[in-house]
Amino acid sequence: MYIRNILVSGLVAASTVQAYNNDTFGEDEKWIVADPAPVQKRQLINVFGLISSFFGGGNQQDSSQCPAIWTQISATLTQQFSANGECTDAARAAIRAAFHDCFPGACDGSLILANECAQAPSRALQGFCSNLAGVASQTNVGVGDLIQFAAAHAIKTCPEGPTVPVRIGRQDSSRENDWRILPRGDARGNDIVRLFSSKGFSPVDLAALLGAHSTAKQQFFDPSQAGAALDSTPGVWDIKYYTETLRGNAPFTLPADRNVARNPATALAFARFGVDKKAWDDAFVVAMVKMGMMGVTNRNMIDCTSALPKTSASKREVKEKRVSGRFTW
């Protein structure tokens, strides 16, 4: 759902920005939004037919065309999410933020609106949350929608990243969800499997979603190695995370990841994804769409997949751009 009262949105964003005065993306450069490109009507991509059950809509079609504002937002995200043909720290934050907003209860924007970003599991996302709060204020779009759109955009921006279908129309909430259930970096494999199962995710879903760590870096689990990547190519959406976690030669491995890799429920899928990129991408897209609909009751949503980049960073010319500052409209 869009935030229709601009004044209220501005106040929410302002309070969030104030809370995040330790913005790791800096304050000295503004994110300039490009002029909107025409939004043309496009055919729904085939993957929706495979995953329509997650939306409860069967053959239900989208209610209308994606609003042009999402193409404007997409242009700005592209500037911030790609540099030197790779995805950036901002893109990494976007992917993680989608999980942290949804998994505790619902994809409702509470990561920002209830200031969950200030809590320990999400403190590395504070600067990113500040930026998205500003975008929601400036564009009058829903915060929950914006978080999911940014994640799908970041995944597609990463070289070799798949297209994750994204729909708009979530109900925002400023009520805090139970962020304490987010798995710790040293969680046991069985505990993680049970936790994901309680949220409707299979062991294959879990193994696939964990592959997003292909582009991840750790900050606070081991502060002495802050910024250490979880595989040797954190700017690329590849399967080295799986192989390097299993072999023990990743730059850094969270104990929880190692535990999932070795758990009987997830070990087979984890190993398979390490040798079959397509199998991982296919499983990841299904699991990511499922996660992006957690707690969403609106079945009359708008498909905005068309506003995402059409190619990944490795397939288009990109200019080096320092990732810093806030979005400006």
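Any Cβ shown, glycine's included, is placed from N, Cα and C.
Nobody curates TrEMBL annotations by hand; they come from automatic prediction.
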If you look at what TrEMBL says, which of Cys66, Cys87, Cys102 makes a disulfide link with Cys158? Cys87
Of the candidates Ser214, Ser224, the one that TrEMBL places in the Ca(2+) 2 site of Asp231, Thr233, Asp238: Ser214
For the disulfide-bonded residues listed here (Cys66, Cys87, Cys158, Cys304), which one has the lowest count of neighbouring CB atoms within 10 Å of its own CB? Cys66
Asp231, Asp238 as binding-site residues, winner by CB count within 10 A: Asp231
Sort the recorded positions His100, Asp231, Thr233, Asp238 by C-alpha distance from Cys66 (disulfide bond) and give me just the closest. His100
Could you check the binding-site residues Ser214, Thr233 and say which one's CB has the fewest neighbouring CB atoms inside 10 Å? Thr233
Under a criterion of Cβ-Cβ distance under 8 Å and sequence separation of at least 6, what residues of the same chain contact His213 (heme b binding site)? Leu230, Asp231, Tyr241, Leu254, Asp257
Give me the sequence-ordered set of same-chain residues, not including Ser214, Asp231, Thr233, Asp238, with a C-beta within 8 angstroms of the centroid of the Ca(2+) 2 site's C-beta atoms. Thr215, Ser232, Pro234, Val236, Trp237, Ile239, Lys240, Tyr241, Glu244
